[in-house]
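Pulled from TrEMBL:
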TRANSMEM  176-198  transmembrane segment
TRANSMEM  240-266  transmembrane segment
TRANSMEM  272-292  transmembrane segment
TRANSMEM  313-333  transmembrane segment
TRANSMEM  345-368  transmembrane segment
TRANSMEM  389-422  transmembrane segment
TRANSMEM  428-454  transmembrane segment
TRANSMEM  466-487  transmembrane segment
TRANSMEM  499-528  transmembrane segment
Amino acid sequence: MRRDESCKIVCRKKLSQEAVKNFKEKIDDEYRVNMILDNLPVVVPRQTREGSQTPSFEHGYRVGYKLKDDKYYINNHLSFKVLYHEDQTSPDARIVGFHVIPSSIKHEYGAWDDANPTAQTCNANIKITPGSHTPQEVAPDAYVVFSYDVTFEASDIIWASRWDVYLLSSDSQIHWFSIVNSLMIVLFLSGMVAMIMMRTLYKDIANYNQLDNQDEAQEETGWKLVHGDVFRPPVHSGLLCVYVGTGVQFFGMTLVTMMFALLGFLSPANRGGLMTAMVLLWVFMGVLAGYTSSRLYKMFKGTEWKKITLKTAFMFPGIIFAVFFFLNALIWGEKSSGAVPFGTMFALFLLWFGISVPLVFVGSFLGFKQPAIEDPVKTNKIPRQIPEQAWYLQPAFAILAGGILPFGAVFIELFFILTSIWLNQFYYIFGFLFIVFIILIVTCAEITIVLCYFQLCSEDYHWWWRAYLTAGSSALYLFAYAIFYFFNKLEITKLVSGILYFGYMLIISYAFFVLTGTIGFYACFWFVRKIYASVKID
């Protein structure tokens, strides 16, 4: 500690044909080497943009590089810089930074001694600088000498703030632009909802309530005509209950996770803390899923509560786990260290079957014990015929159009999230993410209410699934953007890597569909109950 080392030789390795092939594949696929020192990840300083005061880093260093002459070179020399902060009350020091600059050097040496290796290009008196030596080519039967040097540098950064430099965002202006852009969408939709609620609905309600003539039904137009059918249970009502319950579970997990992150409980120093928190919260939120799905199912006068509870407990997690297990099997087949070990998979099974499933049944039991949610108006025995709809009110068009604005509210932040996942960047700006999440909730709710009102005005009372799918269709745009990102930002060439990317993005898109669909459903559910409860029905 605090003792510099200049060009220390680690070992010498002869490259076989298989090793050369492996290194070339890793270089083509832009593999990176990750190291940890005192729980700090190694980073490569990047050249900051002109005018920017915020330092920028890459997570890990590249295995090597390829030049235009199609020759491959390996980074076999590492220049480490360890930043430390001295304790004022003791002679001790604490590590607050871990940087590396990789280089490719073709070391020159005479007779090789494994016990005491030396080289003319590497000794205590030589300071290695990038580009000052002939690079080491990746070629069959070539001997590669691996070396390093390390310097210690005192820093004013205190130990409690050592992660700040890793997590500072130099793109805060872009985030604020995204938020302002999303707020404009919210204000636009809020204006439309306000017009509907204040100028149209309340005016209509006042007019309808003043009508006393028994022949008023012939004079009514718009959404009140379907009051006897608007609360008619939809087709596949049980499946809708399952998806709504799962969405509430996912919403609760997301909200609490973000609150923990905002309060600083999910420190980046605690590796895997975010995923652990999400899994545990998902498990314990199972009681909300069971309670919500059962209450909605009871409102639909359903009787097969055990069947609905089982679907709530197993359908969404089962689909996610099946895809995840398939992807993990591919990683196992590649003999990658990134594969989830068998012990962890078994622990996930125990959490699912031992805690989550029982909690779903507990929530379902509590939900069915509650009195049924009563509709504000009675449902007619004979369904009303729905008139022919205009082209812009057709289900497919309206649903797809409804997903554009919710996706537009989050797509800029989505770019940074995908970059952090797939391009080795840090993402810890949960303040921005929480604001965007709130904007997403409001946008999903308002666009669903607006389109639901237009649908009811056209005397189409099949709003249950339409409300869910309108907001949930934003997941289609998310997956489409993931496809665009794959072909325009990533340089993935291996089939397995491509399958992993689209597999994980499919999981994310499916979860986003459940989340946004549930938000839209409950917004429309509240809106419909509100307007029909305010109208006098004789």
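Quick reminder: no glycine exception, Cβ is built from N, Cα and C everywhere.
These numbers come from a predicted model, not from an experiment.
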Feature contact check the transmembrane segment (389-422) with the transmembrane segment (272-292), CB under 8 Å, 3 or more pairs
no
Sequence gap of 6 or more, Cβ distance under 8 Å, 3 or more pairs: do the transmembrane segment (240-266) and the transmembrane segment (428-454) meet that?
yes
Segment proximity, the transmembrane segment (389-422) to the transmembrane segment (176-198), 3 or more C-beta pairs under 8 Å
yes
Residues sitting near the transmembrane segment (313-333): Cβ under 8 Å, six or more positions beyond its termini, same chain?
242-243, 246, 286, 289-290, 339-340, 345, 348, 352, 356-357, 360-361, 496, 499-500, 503-504, 506-507, 510-511, 514
